Amino acid sequence: MKYVIGIDLGTSAVKTILVNQNGKVCAETSKRYPLIQEKAGYSEQNPEDWVQQTIEALAELVSISNVQAKDIDGISYSGQMHGLVLLDQDRQVLRNAILWNDTRTTPQCIRMTEKFGDHLLDITKNRVLEGFTLPKMLWVKEHEPELFKKTAVFLLPKDYVRFRMTGVIHTEYSDAAGTLLLHITRKEWSNDICNQIGISADICPPLVESHDCVGSLLPHVAAKTGLLEKTKVYAGGADNACGAIGAGILSSGKTLCSIGTSGVILSYEEEKERDFKGKVHFFNHGKKDSFYTMGVTLAAGYSLDWFKRTFAPNESFEQLLQGVEAIPIGANGLLYTPYLVGERTPHADSSIRGSLIGMDGAHNRKHFLRAIMEGITFSLHESIELFREAGKSVHTVVSIGGGAKNDTWLQMQADIFNTRVIKLENEQGPAMGAAMLAAFGSGWFESLEECAEQFIREAAAFYPKAQNVQKYKTLFDLYKNIYTHTKDLNTALKSFRKN
């Protein structure tokens with residue numbers, strides 16, 4: 001039996017999985033690393049922590065699996081998007097990495113929007129947001145100019161770890177798409193953008209496909225991990241692209257619903273010219289010459305977490321949600337908007353805050369929970385609605401994360417999205433997508449689709465119920481009015497909020 005390893009470099013920890021040719025996860029490990037937050041809005045990490053914890057996780061994985069190193073054909077990576085790693089000409093790190101959730105770059109974003117207008121949208125198919133890589137680069141250029149002058153190349157987080165394990169520098173299209181420097185449809189760095197902002201295109205790393213073999217392990221890395229030097233290393237992909245691969249989102253009509261702290265609706269896209277006018281993200285997929293569109297709900301699972309911490313800190317989520325299935329659709333006239341930390345899709349608005357509309361004395365805790373679950377799902381449905389309005393088919397939704405752990409919620413998704421919703425048997429997220437890229441790159445399969453047939457198994461399917469679909473359609477129309485009617489109120493309340 002042969003094996004591959006998938007590595008997922010997350011924001012708080014690195015996860016590794018060992019997968020055999022049947023798609024079975026034979027071992028997994030995880031190692032945490034700290035977040036560095038020196039000021040409000042700052043979010044950084046030391047890239048060295050990623051490297052050391054990844055090597056430790058791999059060493060433990062090999063040790064506990066009892067698999068011989070010669071039977072491990074390849075390794076690939078998934079990683080948190082947008083993070084900025086700057087290297088000098090000696091390939092040494094110049095400063096801590098600035099992460100995707102760092103918000104210091106608002107002034108740079110405003111100036112970029114004023115400078116480029118919709119021209120940036122024509123090239124990158126995305127609007128400027130603080131999370132993207134280019135605004136971080138501009139911040140360093142403005143605030144740490146002497147340091148920035150030493151920059152020979154920039155990398156994304158997973159690409160830096162791969163560089164340290166192989167000695168070669170690359171990035172691939174799915175991660176490059178999140179920099180605001182890539183011409184998405186031409187699949188090349190944009191000299192136009194680089195020239196206009198005064199950054200040399202020479203600092204952009206070489207581009208490869210996600211399944212390309214980029215090298216093998218350095219001797220000291222092989223020695224520390226227990227792997228062989230000849231173990232092939234494949235480029236990998238951005239976490240969302242790998243999450244899509246790991247859930248089988250590889251053909252038109254298939255969409256991913258992922259509910260973690262935030263919520264993501266991600267849909268496969270073949271047509272590179274489809275225009276969403278920046279209302280949703282549009283990125284290169286980990287599957288060659290394919291794309292995906294993505295909408296984000298900032299406080300999806302976070303809404304339930306907030307409710308639990310505030311009103312039921314000693315209960316598990318399973319206990320918390322008991323009895324929700326008995327509450328009728330609409331929670332006895334209660335609607336919730338999940339804007340606890342602002343919103344991303346379809347309203348890019350950092351000032352908006354959440355609402356519970358329709359409260360009365362007859363509502364109890366279960367009504368609030370039902371309303372929160374429905375409100376999160378309505379918010380996610382706004383992204384699906386944008387996809388459908390642009391002519392996309394959404395005939396199957398694969399649900400992963402917190403939203404897939406409760407059958408009532410899965411049925412709710414089927415009814416609100418008005419489509420079939422699939423629960424997976426063995427959900428591994430982006431790490432599985434990375435392993436699949438290694439399996440495909442190693443020649444186990446002719447295509448990622450063939451790999452998905454072998455690796456991904458459905459546990460259950462939920463279908464929309466006509467009477468529920470109609471009720472939710474009425475409620476969804478009411479839900480969409482809440483943003484408009486509370487926007488000015490929340491802006492006026494902003495000065496009263498604790499910073």
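Backbone N, Cα and C define each Cβ position, glycine as well.
Some features that Swiss-Prot has for this protein:
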- Asp239: active site, proton acceptor (ACT_SITE)
- Met81, His82: substrate binding site (BINDING)
- Asp8: site 'Important for activity' (SITE)
Students should find that the Cα atoms of Met81 (substrate binding site) and Asp8 (site 'Important for activity') sit apart, in Å rounded to an integer, by 11
Whole-Å Cα distance, His82 (substrate binding site) to Asp8 (site 'Important for activity'), is 15
Cβ proximity for Asp8 (site 'Important for activity'), under 8 A, sequence spacing 6+, ordered by residue number, returns Val14, Lys15, Thr16, Tyr77, Ser78, Gly79, Asp239, Cys242, Gly429, Pro430, Ala431, Ala434
Its Cβ having more other Cβ atoms within 10 Å than any other among the recorded positions Met81, His82, Asp239, the winner is Asp239
Reading the DSSP string in three states, the entry for the residue listed as 'active site, proton acceptor' is helix
